Amino acid sequence: MARLGQTFDRMLGFLKEPVVVTVEINMNVMVLTLMGLISRLWGLSYPRAVVFDEVYYGQFVSLYMKRIFFVDDSGPPFGHMLLALGGYLGGFDGNFLWNRIGAEYSMNVPVWSLRLLPALAGALCVPLAYQILVELQFSHCAALGAALLILLENSLITQSRFMLLESVLIFFILLAVLSYLKFYNLKKHSSFSGSWWFWLLLTGVACSCAVGVKYMGLFTYILLLTTAGLHFWHVIGDQNLSNVSLMCHFLARGLALIIIPVAMYVSFFYVHLTLLYRSGPHDQIMTSAFQASLEGGLARITQGQPLEVAYGSQVTLRNVLGKPMQCWLHSHTNTYPIRYENGRGSSHQQQVTCYPFKDVNNWWIVKDPGMQQLVVSNPPRPVRHGHIVQLVHGITTRYLNTHDVAAPLSPHSQEVSCYIDYNISMPAQNLWRVEIVNRESDTDVWKTILSEVRFVHVNTSAVLKLSGASLPEWGYRQLEVVGEKLSKGYHQSMVWNVEEHRYGKSLEQKEREVELHSPTQMDISKNLSFMAKFTELQWKILTLKNEDTEHKYSSSALDWITMDTNIAYWLHPTSSAQIHLLGNVVTWASANVAALIYTCLSLWYLIRRRRKIYDIPEDAWQLWVSAGGICLGGWAVNYLPFFGMEKTLFLYHYLPALTFQILLIPIVLQHISDHLCRSVLLKSMFTALIVAWFSSVYFVYCTFSPVTYGEPSLSVTELKDLRWKDSWNILIRKQ
């Protein structure tokens, strides 16, 4: 008992002494964070009007508030969800018409809340820049210079003060870089410690968030993966590490930098699809199965449909491609003209088209070629992969047919028609083999909505296909359907799925026509897994392209380096107050010069080192290379890909690359001061030059502040004085 009491006393011994917590506060970081918050949050609700791309992102925020599904081809949903979070925290109900730039916000729109998260992200980029240079082993003075350059960069201020995503993207990019540098600097002394795991995991999380905001984040993610790979290559060469330890290092990096980011990326879509469960205006580009999984819309139409397509089923067939628009296999009583405008002849059979609207003429009956009945037997006989069917047009009762006659607009393909018996030597060729493209086995049943099928013509092996061409007036501008003779693979234009479905019961044609107009009343299982929805939505985001139209403020990637372009974000309706995306001219020019100096110096050092001449110590050389790999590499991967992109480009696309280039400026300055200014006099002169240069940065920041913050309003003369380049579009009101 005595021993137990002694043990108990030792366990509670810590209570005899006061608990002391020591906190280390970096005042530089605190002050920089405060300055960043002031510069980005000051007057955040001004202007209380739609500013540039807020008209674009605001629509998605409203749809989130109303839980209505949408697709944005510009990127993943995480950034949109963050903006929607700001609206949710501000109590936004989603009721605002985002129809034009400059529209005044109504009182129900929490402007400050909607702009808060981008502004906070922009503000935190300032201390992040400071800490990145500290982790790169540069002086606190150089780190402070990098932070102040980010703080005083007009373009970054403008972009972070509105409901836009670039500042959020840059924040996660810098956070990923900082986290990796902290992890790398820890690994030599405390591998697998709590801090080691924290920074490694945070690197992966930040990378995933960056990619989730915009696909541009993928560039920095690849840069960090490459850097991590090179560093791990050096770890492999460490003879002090056992094979087991090496494998643990490899698995830890794989988990944190690949598996967790991928899992998080998928989770963004899970939350997105969970929140947006209602049908909306973007449903039409998704497959029937996806549409049917949403509340309202197609789900309302297809509710109660039978699952398995049987002989006698009445169906509508939607083309899976959905381009140039969604459409359904269609026929009507009109026939192809005897001769086309170019003199070619046709079969003069009943037209078959693809019609982009719901219509009773979209209904077809799946018939067994060996039987005459057009109703479903009891029990129903399901159609399986490989079965031969005839497709009977519901209203006209003519059979879907194709033959060796050139299609109206695609002469290398066969015409598709509904067969009319003209009593001439043109026999019916109306047998089609059903091929289920997404089958799991060769005995799969043809299912409503879920099955994607090809129809292969038995006589000619042609495949029923949507050509996408619009027929002339005689075809009512509907889309051409053809028989593709040479079919390789399963292009979506050849694939169809049953969207609406009922089991036919009416034997007489008149009764059948009434039946085709009536709603279905049977049950259907339409479960679509999350992974199926994720895969489809991801594919749509990657492949869906809006028609690019020339924008007044679009620019080329070459215009960005010298800032030969700007973007007018907002103009006051009555005064000359306005907001522009314009950078700090001195900073942009200095960033270009710094990149040039770094490149030239690196080449010089490399050539000299090849000749065994070492101008700087080895540790300084390693520092120089690693800093350039992060900063100049970050600029390159975030800028050069735009030269190969076929999309409308704007100046704000350059901001992530610019941020990395700005970080390079104090790195080059410190290197010149430490290693090239070899005398006290030179160092003093160089320091004075830096002070003068930084004063000019601050001067330009102050000069352009009125068009960065939108106030005060400037006179016509003052506005003209701001037009430092002829290519800048400063707005001048006509007197």
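For all residues, glycine too, the Cβ spot is worked out from N, Cα and C.
Mean model confidence for the domain 'MIR' (306-369) is a pLDDT of 88. Sequence annotations record features per position, and here TrEMBL assigns domain 'MIR' to 306-369 (among others).
The feature domain 'MIR' is assigned by TrEMBL to 380-437 (among others).
Helix first, then strand, then coil: DSSP counts for the domain 'MIR' (441-501) stand at 6 helix, 27 strand, 28 coil. Look at TrEMBL and you will find 441-501 (among others) tagged as domain 'MIR'.
Residues 116, 119-120, 122-127, 130-131, 140, 143-144, 147, 151, 157, 160-161, 709 of the same chain sit 6 or more residues outside the transmembrane segment (21-42) yet have a Cβ under 8 Å from a Cβ within it. What TrEMBL records for 21-42 (among others) is transmembrane segment.
Sequence-distant contacts of the transmembrane segment (78-98) (same chain, at least 6 residues past either end, Cβ-Cβ under 8 Å): 50, 54-66, 72, 105-106, 108-110, 112-118, 163, 165, 168-169, 209, 212-214, 268, 271-272, 275. Look at TrEMBL and you will find 78-98 (among others) tagged as transmembrane segment.
If you look up TrEMBL, you'll see 110-130 (among others) marked as transmembrane segment.
Look at TrEMBL and you will find 164-184 (among others) tagged as transmembrane segment. Taking Cβ pairs closer than 8 Å, the transmembrane segment (164-184) reaches residues 52-54, 57, 79, 82-83, 117-119, 121-122, 124-125, 128-129, 131-132, 135-136, 156, 195-196, 199-200, 202-203, 206-207, 209-210, 213-214, 216-217, 220-221, 224, 227-228, 231, 630, 634, 652, 655-656, 659 in its own chain, all 6 or more past its ends.
Taken from TrEMBL, the feature transmembrane segment covers 196-224 (among others).
Same-chain neighbours of the transmembrane segment (255-277): 63-64, 67-70, 76-78, 80-81, 197, 200-201, 203-205, 207-209, 211-212, 221, 224-225, 228, 294-295, 530, 533-534, 537-538, counting only residues six or more beyond its ends whose CB sits under 8 Å from a CB of the stretch. Sequence annotations record features per position, and here TrEMBL assigns transmembrane segment to 255-277 (among others).
Under the heading transmembrane segment, TrEMBL lists 585-607 (among others).
The transmembrane segment annotation in TrEMBL covers 619-637 (among others).
Residues annotated as transmembrane segment in TrEMBL: 649-669 (among others). Counting only same-chain residues 6+ beyond the ends of the transmembrane segment (649-669), those with a CB under 8 A from a CB of the stretch are 125, 129, 132-133, 136, 138, 142-143, 145-146, 149-150, 153, 155-156, 159, 164, 166, 169-170, 173-174, 216, 219-220, 551, 553-557, 559-560, 563, 565-567, 581, 583, 587-588, 590-592, 594-595, 597-598, 601, 627-628, 630-636, 638-639, 642, 690.
The transmembrane segment feature in TrEMBL is assigned to 681-701 (among others).
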Should the transmembrane segment (585-607) and the transmembrane segment (110-130) be scored as in contact, given a threshold of at least 3 Cβ pairs under 8 Å and pairs 6 or more apart?
no
State the residues, same chain only, that lie 6 or more residues beyond the ends of the transmembrane segment (619-637) and have a CB under 8 A from a CB inside it; answer 'none' if no residue qualifies.
132, 136-138, 173, 177, 181, 219-220, 222-223, 227, 595, 598-599, 602, 605, 609, 656-661, 663-664, 667, 671, 674-675
Checking distant contacts: for the transmembrane segment (196-224), what same-chain residues at least six beyond its ends satisfy Cβ-Cβ under 8 A?
74-79, 82, 165-166, 168-169, 172-173, 175-177, 179-180, 182-183, 186-187, 190, 252-253, 256-258, 260-262, 264-265, 268, 630, 633-634, 637-638, 641, 653, 656
Could you tell me how many residues in the domain 'MIR' (306-369) are helical, how many are strand and how many are coil under DSSP?
3 helix, 30 strand, 31 coil
